[in-house]
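Right, one structure below, let's go through it.
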Amino acid sequence: MTPRTQFTLGDIFRISLSAYRQRFRSLMGISLVFLLPFDIINAYVQLRFFGAVPANWMAKVQEAHSVSEAIAAIPPAYTTWMPFVILLYSLVVLPLMAIATSRVTVGMVVHGFDVPVQEAGNDAFRKWPMSFVTLLMVYGLYGVAALVASWVIGLCAGIAASVSQVLGVIVGVIGLLAAFAGSVWYCVKAAFVPYVIAEEKRGYAAALRRSFELTKGEVWRLVGFFLALSFILSAADGFLLLVGSVFAVIPGLGVVVAVLASLIVVPFGFVALAVMYIDLRMRKA
């Protein structure tokens, strides 16, 4: 990858939109292969299991007199199917989509040629085992850090509360804000692990270390990028759902519209991340 220039955030979204439009058919092919099966599974779970969840279950959890009662009041859909859907997306769909869309985007933006869907898909499947283990490590490190942070915050808040109840609350709030800031920092720093695997063929700890290197000194810029990207994706998804609401009177068609909106909107997010990855590599070259 030969560095030529550095992109502004406006450049990144402009290039992303151009790549999305020019490679629309390829990206839709990738969506149909990797994203559509997940959307169908997710829609089935939402309709089959979450549709029957009682509306007052949160009140029962809040009224529980013990941890065991609170856990028992949580509907099974939230303790079994929700974790299943989240893990399926995080460990399977996300790396496959990221690698495949990265191959298409980098091929066009950097090298100026079209990467066929079959080639991008095959590359994603070949690198998925490495991606699976690497992301499992990334999520595991986050989980351990979250547990340690929770223990430290609870300990500090408890010690402060023994001196003053108000001081305990203040320490707890400050600790939670610090934990939130740490979570954002880690997620931003680790966001480009799948793209490092796709384009640099580094995996495991090397991929995480490389993602940290690429994002060094860029955290605030990347936070702004992710906020802008989230707004764009939400607006596009909301617009498509609003247009599709015209047909919502037909039973089941609302779910179909939601799936179609996902297939169209989600690939743009992966393309934008791939373009940002290109920019970070140029800056660190």
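Glycine residues also receive a Cβ, built from the backbone N, Cα and C atoms like all the rest.
What TrEMBL says about a protein is an automatic prediction, not a curated fact.
Per TrEMBL, the features are:
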| type | residues | note |
| --- | --- | --- |
| TRANSMEM | 24-45 | transmembrane segment |
| TRANSMEM | 81-100 | transmembrane segment |
| TRANSMEM | 136-160 | transmembrane segment |
| TRANSMEM | 166-198 | transmembrane segment |
| TRANSMEM | 219-250 | transmembrane segment |
| TRANSMEM | 256-278 | transmembrane segment |
For the transmembrane segment (219-250), distant same-chain residues with Cβ under 8 A (at least six beyond the ends): 9, 12-13, 184-185, 188-189, 191, 257-258, 260-262, 264-266, 268-269, 272-273, 276
Recorded stretch, among 81-100, 136-160, 166-198, 256-278, maximising Cβ pairs under 8 Å relative to the transmembrane segment (24-45): 256-278
Same-chain residue ranges lying at least 6 outside the transmembrane segment (136-160) that approach it to Cβ under 8 Å: 90-91, 167-172, 175-176, 179, 182-183, 186-187, 190, 193, 204-205, 208
Residues of the parent chain within Cβ reach of the transmembrane segment (81-100), under 8 Å, 6 or more residues beyond its termini: 30-31, 33-35, 38, 41-42, 45, 49-50, 117, 120-121, 123-125, 127-128, 131-132, 135-136, 139, 194-195, 197-198, 266-267, 270, 273-274
